[in-house]
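Novice: This is the structure I have questions about; it appears just below.
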Amino acid sequence: MGVSNKFSCVMSDSFSPILVKADILDSYLRTDGVWIFTRNKQFYKTNNEKECAGKCEAERNFTCRAFLFTRKKLQCLTLAENAKMTVSFSSTDAVLYEKIIYLIQCKRGIGTDYRGTEARTQRGIPCQKWAEKIPHKPNYTPEKYPNAGLEENYCRNPDADESGPWCYTTDPATRFDYCAIPECENQCMQCNGEDYHGEVSRTESGLECQRWDVQEPHMHGFILKHYPDKDLKMNYCRNPDGELRPWCFTTNPKKRWEYCNIPRCNSPPPVTGLGSQCLSGKGEDYRGRIAITESGNACQHWNTQFPHKHGWIPDTYPCKGLEENYCRNPDGEKKPWCYTTNSSIRWEYCTIPSCDRTEQEIADVPVQVPLTEECYRGKGQSYRGTTSVTVSGRKCQAWSSMFPHTHIKTPDRFPDADLRDNYCRNPDGDSSPWCFTTDPNTIWEYCNLKRCDDHTQEPPNASPGMMEQNIGQSTPTTSGNSCILFYGMEYPCGQARSAVLLCFCPASCAPPHWQRRQTKKSLSQSKQYLATTTKISVCYNRYSDIKPKTRHCTSY
């Protein structure tokens, strides 16, 4: 029916797939306490969320994918982007509403309501933008079909074609072609199940899953506020952190977490083709060929384990584009990165040109950036470099940010310490530059820096967060079977309930599920105890308003 219209004139009646709901807010996913950064927005004054939703529905300056509403100022911001497309951060007074239809990357039925971002045909040909007339003059345009979602060059189905979403192609010899959009099969998963939205709520061994919004029997940091785009609903199995497949915390106090048995979908995963050749959002869809880090180090091949062992293996993560040694972002970092061929530098970010630039500007971007001397003198109080990674590979938290750790080491209080962005600094006269980390379970660590006059020295004494680097390097002790939690309660090592223990258990009694390890910064992707191999327990004052230090130690 609609196929012929792709070649010839179309009827004047426009097709308008509109999702009708009893309540206008039912079409949105609500997240409290979250703000997202976007340049394309409009401000309105409204009395409540429903009025703001009406502004989003009526927005004509751009396609409104989400809106923010502030309770105190009654301010409404309609947004062209959602949390999947940009950076989000904490904001206590804000409520984020995202249109559910733009969060779904699969099709229902013939896909007339598909609003995903696939922009290549089933044969990998890039789609032509709906508003352009070259190489093909389109019959379906945003002006003629304003409700069909004809934005950019994304696959759509404005004519209710029974074969599903399609697009005009950039190949002059091929006017249009269909797109490989997967079916929304709720109870199966594609790739590693990061987009799984089904309702399985038991682990592979039959244990019932713990709800994501409760902290009993296991405390954790995977809450909707911190992971607004991961669909952490009820106690359903999910994969918010790039694991091998969906998992959940269990309701068994003795079993912290376990994988879920989710069948794989019969339909093939989306065809990514060459993907984006420039940086859009966090660059998770970047498929370009830059293979050098921002400091000039060559990237290590993803399918090798030298000089750095890692878990990002192409065969294990088939949908992450881990080809050759090209920069990629398989784990939702702030931008693409890679392991380096430098044995002393495990990983670094890459410099990828932004898609906002012109083609000439993108072509002019160098693949190498001049290397700044990344070393410190004395205690490092004068260090003004741009390193923002700790000795264990964790990313630094911005000094002006209060998430995930609240502190008083702010630029306003320490104006002479140059507390810019998330760069390593030493505002308090510590032994070397340090930073708060973005890992909710590791408050701070020293940074991956060496003295300028001694490039062979070892990193500073390990802070609690870097203990994982020493696992298995010395002989385990068999003494001691208890750990002390931050609220002063004592539990056997195998029954520790918290993801924030205030001591490290001996390796002999550490079960394999204490703390989720940062996948690219450590040798394993398993959730496990950060066990030391000596009799030591390091305790913090978790809620201190100063940088936490060792308060006291308890020998086992």
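Any Cβ shown, glycine's included, is placed from N, Cα and C.
Any TrEMBL annotation is an automated prediction that lacks curation.
According to TrEMBL, the feature disulfide bond maps to Cys188-Cys265, Cys209-Cys248, Cys237-Cys260, Cys278-Cys355, Cys299-Cys338, Cys327-Cys350, Cys375-Cys452, Cys396-Cys435, Cys424-Cys447. Annotated domain 'Apple' per TrEMBL: 9-101, in sequence order. Annotated domain 'Kringle' per TrEMBL: 105-184, 187-265, 277-355, 374-452, in sequence order.
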Novice: C-alpha of Cys350 (disulfide bond) to C-alpha of Cys338 (disulfide bond): distance in Å?
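Specialist: Roughly 7 Å, rounded to the nearest whole number.
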Novice: Select the closest residue to Cys375 (disulfide bond) from the following disulfide-bonded residues, measuring between CA atoms: Cys327, Cys355, Cys435.
Specialist: Cys435
Novice: Using a 10 Å cut-off, grab the number of neighbouring Cβ atoms around the Cβ of Cys237 (disulfide bond), all chains included.
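Specialist: Total other Cβ atoms inside 10 Å, all chains included: 24.
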Novice: Any idea what the model's mean pLDDT is for the domain 'Kringle' (105-184)?
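Specialist: Its mean pLDDT is 90.
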Novice: Express the distance between the Cα positions of Cys452 (disulfide bond) and Cys424 (disulfide bond) as a whole number of Å.
Specialist: 15
Novice: Which of the disulfide-bonded residues listed here (Cys188, Cys248, Cys424) have a Cα atom within 10 Å of the Cα of Cys237 (disulfide bond)?
Specialist: Cys248
Novice: Pick from Cys299, Cys350: which of these disulfide-bonded residues has the biggest number of other Cβ atoms within 10 Å of its Cβ?
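Specialist: For the disulfide-bonded residues Cys299, Cys350, the Cβ with the most other Cβ atoms within 10 Å is Cys350.
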Novice: So among the disulfide-bonded residues Cys248, Cys452, who's got the most Cβ atoms within 10 Å?
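Specialist: Of the disulfide-bonded residues Cys248, Cys452, the most buried by Cβ count within 10 Å is Cys248.
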Novice: Might you list, by sequence position, any residue in that chain lying six or more from Cys260 (disulfide bond) with a Cβ less than 8 Å away from its Cβ?
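Specialist: Result: Val200, Arg202, Thr203, Glu204, Cys209, Cys237, Arg245, Pro246, Trp247, Cys248.
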Novice: Please report how many Å separate the Cα atom of Cys299 (disulfide bond) from that of Cys188 (disulfide bond), as a whole number.
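Specialist: Cα-Cα, rounded: 35 Å.
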Novice: I'm trying to understand the geometry here, so how far is the Cα atom of Cys265 (disulfide bond) from the Cα atom of Cys327 (disulfide bond), in Å to the nearest whole number?
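Specialist: Per the Cα atoms, Cys265 (disulfide bond) and Cys327 (disulfide bond) stand 28 Å apart.
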Novice: Under the DSSP assignment, what numbers of helix, strand and coil residues are found in the domain 'Kringle' (374-452)?
Specialist: 0 helix, 17 strand, 62 coil
Novice: Among the disulfide-bonded residues listed here, Cys188, Cys278, Cys355, Cys447, whose Cβ has the fewest other Cβ atoms inside 10 Å?
Specialist: Cys355
